[in-house]
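Scroll down for the structure; my scribbles are underneath it.
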Amino acid sequence: MTRAVCPGSYDPVTNGHLDIIGRAAKLFDEVVVAVLINKNKKTLFSVEERTDMLAEVTAQWPNVRIDSWHGLLVDYCREHDIKAIVKGLRAVSDYDYELQMAQMNHQLSGVDTLFMPTNPIYSYLASSLVKDVATYGGDVSTLLPQTIERRLMLRLAERR
Ligand code: PNS
């Protein structure tokens, strides 16, 4: 069985993430979308909320499951017998850091990283930008699934 992981913060999941997850789901028998917990990163949604949202919007792919992990990604891969990490690349600017992480992860564990070019219609898309735009009343309806947009608006309203 071929198994890959799509790691990230997913705070919250965007259409850009879903593009990569859906394409990975066609290439591997199983894709695990792993929410990586970073205690130093302030997030808008809790880990449970992020995994719930991911489960909801990936339900269309039967071979995709959601998980979360606190620690090194390579340790998650080792524990779950995952040989490939799939990462979306939006632009050349993503490449330097992603290459560094890919090489470090390979050196640590032998796990390979496969870079998937993002669909150009999402090349500018990032969860942080979506949150920023939505905070100031901008229209993010084409950037997120409707259900995620609704949850984002509710959370931002709670924070006001
Ligand atoms: O969505 P993000 O925040 O860009 O995702 C970054 C993420 C979570 C994939 C990356 O920070 C990561 O892999 N963190 C897990 C901890 C780890 O393994 N660090 C060493 C990377 S070489």
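Heads up, the Cβ atoms here are built off N, Cα and C, so glycines get one too.
What TrEMBL records for 5-131 is domain 'Cytidyltransferase-like'. For the domain 'Cytidyltransferase-like' (5-131), the predicted model reports an average pLDDT of 97.
E98 (ATP binding site) carries a helical DSSP state (H, G or I). Listed in sequence order, the residues of the same chain lying 6 or more apart from E98 (ATP binding site) and placing their CB within less than 8 Å of its CB are K87, L89, T113, F115. The ATP binding site annotation in TrEMBL covers S9, Y10, H17, G88, L89, R90, E98, Y122, S123, Y124, L125, A126, S127, S128.
According to TrEMBL, the substrate binding site annotation covers S9, K41, L73, K87. A strand conformation is recorded for K87 (substrate binding site) in the three-state DSSP classification.
Other C-beta atoms found within 10 angstroms of the C-beta of H17 (ATP binding site) number 25, with every protein chain shown included. Marked as site 'Transition state stabilizer' by TrEMBL: H17.
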Cα-to-Cα gap, S123 (ATP binding site) vs L73 (substrate binding site), nearest whole Å: 24
Nearest-integer angstrom distance between the alpha carbons (Cα) of S127 (ATP binding site) and K41 (substrate binding site): 13
For ATP: widest Cα to Cα gap among S9, Y10, H17, G88, L89, R90, E98, Y122, S123, Y124, L125, A126, S127, S128 in Å: 18
Candidate with the highest Cβ count within 10 Å, taken from the binding-site residues S123, S127: S127
